[in-house]
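Structure, as structure tokens:
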């Protein structure tokens with residue numbers, strides 16, 4: 001299927017695109033587009049682990065400002081900008097080198113589906129978790145992450161139904177806000193997040209309100225409108241309502257299971273291990289959404305229940321029924337490790353199969369020699 005995406009965001013069209021068009025000229029023609037995509041993702045990951053090292057439990061900014069060195073915030077701004085740039089030019093570079101492939105599209109969106117949660121988890125270190133005076137509660141973090149992932153899912157669910165990816169406005173705006181937030185933190189210090197901004201509201205409150213507003217009143221209605229328009233024009237990919245809604249079943253069940261665990265956990269697992277739990281949420285979600293992206297690209301039907309829901313349901317049941325007892329944290333750790341390993345393994349397998357099928361290398365523009 002031919003890849004088609006529509007970007008109508010003024011920030012992107014008038015400000016960012018001209019910048020990317022300048023940057024792309026310095027990229028050598030022998031570099032594979034997937035290498036750009038992957039480099040951006042590695043930078044985000046590296047940055048995430050760097051912040052985690054200084055602030056494992058999201059308390060550093062709230063309890064003793066200065067625990068995270070200034071250079072880390074400035075480095076975060078730098079890596080976020082680089083990742084944003086690389087993610088924006090990889091497609092242009094693919095067209096420039098005439099190497100656009102379904103593998104590239106999947107690679108880009110698949111890594112984006114994982115990067116989305118990592119961006120959010122890194123940002124939480126800036127505002128820190130609730131310490132009674134300032135900060136954001138771990139439950140707010142969980143809801144915030146869920147809304148961002150819901151937004152990401154909506155744009156791909158829309159593409160599954162319409163065949164066109166309408167790039168969400170929130171993406172460019174969120175990247176620019178993230179970079180600005182890191183620069184602000186690096187230059188002024190984390191204290192800036194702990195003083196009320198207007199009418200007793202903190203910057204973090206404003207950002208949460210903006211995000212929820214954006215999602216519920218802009219992104220989601222836009223998705224429904226685009227699907228409705230395709231329905232009127234008779235260009236919908238799926239005839240039945242069941243077929244159209246099918247990709248939403250697994251993500252919704254995933255969210256329900258995770259929320260049940262958060263709310264009913266005997267040891268209050270989210271408060272005990274916010275970083276581990278939220279990382280697991282992001283990875284699980286990315287795996288579910290990758291399946292949808294593959295189905296949408298290959299015009300196949302997604303399965304009703306993603307395999308991952310079964311082990312998760314077992315773990316959640318064991319946790320909330322008290323079966324795990326004091327083992328809950330340890331089981332979360334093992335489960336998170338297994339989920340991450342399964343996701344990486346899945347990505348490598350799909351990449352290898354596609355590169356063999358399309359007779360191309362993932363990170364090189366050289367053609368494979370036919371056996």
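Positions of Cβ are set from backbone N, Cα and C atoms, glycine also.
What you are looking at is a predicted structure, and each value in this text was computed from that prediction instead of being measured.
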Tell me which of 276-294, 352-370 corresponds to the transmembrane segment entry in TrEMBL.
276-294
Choose the correct range: of 53-69, 70-86, 87-103, which one does TrEMBL annotate as transmembrane segment? Give that range.
70-86
Under 8 Å for C-beta pairs, could you tell me which stretch among 136-154, 241-264, 330-348 has the largest tally with the transmembrane segment (197-220)?
136-154
I'm a bit unsure how to read this: which one of 136-154, 166-185, 276-294, 306-324 has the highest number of Cβ pairs shorter than 8 Å with the transmembrane segment (70-86)?
166-185
Tally Cβ pairs under 8 Å between the transmembrane segment (276-294) and each listed stretch (26-50, 136-154, 306-324), then give the stretch with the top tally.
136-154
Cβ under 8 Å, sequence separation of at least 6 from the ends of the transmembrane segment (330-348): give me the contacting residues as numbers and ranges.
110, 114, 269, 273, 276-277, 279-280, 283-284, 286-287, 290, 308, 311, 315, 318-319, 324
Same-chain Cβ contacts of the transmembrane segment (166-185) under 8 Å, 6 or more residues past its ends?
5-9, 11-12, 16, 73-74, 76-77, 80-81, 84, 119, 123, 126, 148, 151-152, 154-155, 158-159, 192-193, 207, 211, 214-215, 218-219, 222-223, 226
State the non-local partners of the transmembrane segment (136-154) in its own chain: residues 6+ outside its ends, Cβ under 8 Å from one of its Cβ atoms.
58, 112-113, 116-117, 120-121, 124, 127-130, 168, 170, 174, 204, 208, 211-212, 215, 219-220, 223, 248, 251, 255, 262, 270-271, 274, 277-278, 281-282, 285, 289, 292
